[in-house]
Amino acid sequence: MSHPDCRLNLRPLGTPRGVSSVVGPHGVGASPGDKKAKSKSVRGKKKSIFETYMSKEDVSEGLKRGTLIQDGDRDIFIDGVVARNRALNGDLVVVKLLPEEQWKVIKPESNDKETEGTDELDLPKELCGSHLPQQSVKGYNDSPDVIIEAQFDDSDSEDGHGNTQNVLVDGVQKLSVCVHDKGKEDADAPITKDESTSMSQDTRVLSEKSLQRSAKVVYILDKKHSRAATGFLKLLADKNSELFRKYALFSPSDHRVPRIYVPLKDCPQDFVTRPKDYANTLFICRIVDWKEDSNFALGHLAKSLGQAGEIEPETEGILTEYGVDFSDFSSEVLDCLPQGLPWTIPPEEFSKRRDLRKDCIFTIDPSTARDLDDALSCKPLADGNFEVGVHIADVSYFVPEGSPLDKVAAERATSVYLVQKVVPMLPRLLCEELCSLHPMTDKLTFSVIWTLTPEGKILGEWFGRTIIRSCTKLSYEHAQSMIESLTKKIPEKELPPISPEHTSEEVHQAVLNLHGIAKELRKQRFVDGALRLDQLKLAFTLDHETGLPQGCHIYEYRDSNKLVEEFMLLANMAVAHKTYRAFPERALLRRHPPPQTKMLNDLMEFCDQMGLPMDFSSAGALNKSLTKTFGDDKYSLARKEVLTNMCSRPMQMALYFCSGTLRDQAQFRHYALNVPLYTHFTSPIRRFADVLVHRLLAATLGYRELPDLEPDALQKQADHCNDRRMASKRVQELSTGLFFAILVKESGPLESEAMVLGVLNQAFDVLVLRYGVQKRVYCNALPLRSHHFQRVGKKPELTLVWEPEDLEQEPVQQVRTRGWGSFSRMPLWARPPLSSRGAFLLRHPCPACPAAPPAPPPPPLKHSSSRWAFSFYLRDPHGSPTLPPSGHAFPALPSLPWGPTAGRGRGSACPRRAGFSFWGSF
């Protein structure tokens, strides 16, 4: 999609409470009583707000004739709730194009692709995002939108992303469905004959690219949205209405979900008489119907979660909203597990597997990990080469195909990693005991073993089932200390226990040998054109007693992480080739399409305007540009962080697919890795796709028959894995946001530098560098005397004139039309349930300036030419803010159509949704 809001909500943090996400002819948030008289026709019937869905037969016929679109391109704009026609985020829909005279006209001089009649500030992303499905994977050239990986695993690199806090939508084709935050629905206003004629004349003058194709939803193929939402209960406004005696109003925290009427019988018994007692109570509501004649859906109040802002109620709400099954495993499922404990490997398995128990094999994982599904080995050979092994837990041995355990694992599809816990795909007996490769215990594994030169050249490879006995459990910190100690022996007290058959020196040397080979593999990967976009990932320290966050830091990605990553990638690529050669119609692979063209073009234009010599011709060229363009000083690194963040936006998500459902093998390619074939094999404990790949590999090697799955059935399972993977990533994002908001709330202001990402006509976007948090700041929510937006050539310029602290003083404004801007000292604070505010404060010349001196004390009011940085100052809820004494023009950066979300916080009691409160909500 070319519209800025065509993606998942990046942040329910800060969504406005008390403002409906549903916009109809009566405006936003009007009560049923207010609309009662207007919603009836002369005959006493309610006026329809939404169109009736087309029948399946008419949809099928329309798709055949081409009058309807199911898998059209993403250059289709769906403007407003009425055009969205009750579809929710993630739903697979069929749309009908509107007449050309009703298409949006893109301002040709606009770099942010804003459309006529549409103020981009009124299009918060959390109100957007249904998407079109693909009719068939065959012949499907346009690929899904990107999902940016958040948790480090072997897929972080293969998707081209490092660690990041941003998520876009996955799934198949996608439409932008946008709702105006202020209740204006321009697209649904009637167009007069004169207006229509004028528009037609104007559009003939414009190039075809200046028209934004617009459409409306006519059918929902698959309601992928869970129809569950968390939020708050309110009484209806009109106490004299009939509805008041039957229903309460459920106000979802996610503004992509409409407000919902819920029967009073579902509500607490004393809710009507004591509604304020529940003002801070978080509920779960499920939509059961949404009539054509109502702005509001009908729902069932499923559960009271507890107090908003508390970790467990908020977490349960997140999991429920995204359809994560966090229930206990049923007895039927648990009966599939080995019953005689402690379990030991059956004797017959030793005759079927290669015995590697005497080899020096070890795991390298996060220090807190309990589901250890991969181990490494490195044996020096007499000729100077190495025998290197990747050993993966043989989960498929414990998950019989077609069993209740297999079915629930297939449905869950992935483990879900929250800040404080994991929702496992498999019962914990398997995840943390039987399958987990704990040290000094015999384990069943599936191994890939290579003969490698010290330079990483593959001389031979072997695949097979094995039995291993890990000699130790290393953390990334342990492995890093070994890498950094080339000759010095590490004291045994600083290492975990090692089995008596092996020594710490042997393990240390194996790590060093693996590190040496990994460096060569990595070097060659990037020479061959791979791309990695490293971004920031937050990690938390938690209080052992309360579970509350005590601090946070950016997760450091070091050589020990890179070591593991390289061999996991190597194993995944090897298995992809092995299974595809054996079963070219049945292989489960993973593809990564090239970046979205429109978004990439916008980014290229941006870089050109900023004088950045970036080459976007290939993944490798982009990686080299990012490596060479910037220096090592603080400001250059900050600019690189911002540009890396921007480069990640056009990237599409990697997808599982069945090789037999794609005709064009060129579409198998993996853009970020720049390889022809790739799959997931190395994490079967937490990804069901890997279990399927293990079964395919076993069939390839003759251990079993080919799984009884036709290509279409395998593709259906792949699609489900894609859906659940996206939901898992989104849940992890929200969990991180929740803990960060609570940390800021509990700790008070946290100061951090940030950079301006882009400038809009009434807002600007910033990236908080220390935490990787993106926010949009609205001018109309800041204590400004005035603000002015203009374009100097193609470059936007935003001037802010602040209200002076001393009313007798005149405000001073500065205008700057080029260069990148930087904020400094940005305290963050989560305000729920208080309604405090923050303000900007001019501090000192901007450190972004090449010649900027060290930060002096706050300067006098009079100044003329130097650049300035801002500081966020947060007041006590009952105090008064310190207001900035002067004005500032933000840098001339184009506002790109995929900028940060435009969410707004307005007093929610929930940190996850209210987010961080500044004078202007972000």
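Cβ coordinates are placed from backbone N, Cα and C, and glycine is handled just like the others.
Note that this is a predicted model, so its numbers are computed, not measured.
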Pick from 60-80, 186-206, 312-332: which range has region 'Disordered' per TrEMBL? 186-206
The residue range that TrEMBL labels region 'Disordered', out of 1-43, 130-172, is 1-43
Using Cα coordinates, what distance in whole Å links ASP365 (Mg(2+) binding site) and ASP373 (site 'Important for catalytic activity')? 9
Segment confidence, the domain 'RNB' (353-703), expressed as mean pLDDT: 94
Counting across all protein chains shown, how many other Cβ atoms sit within 10 Å of the Cβ of ASP365 (Mg(2+) binding site)? 20
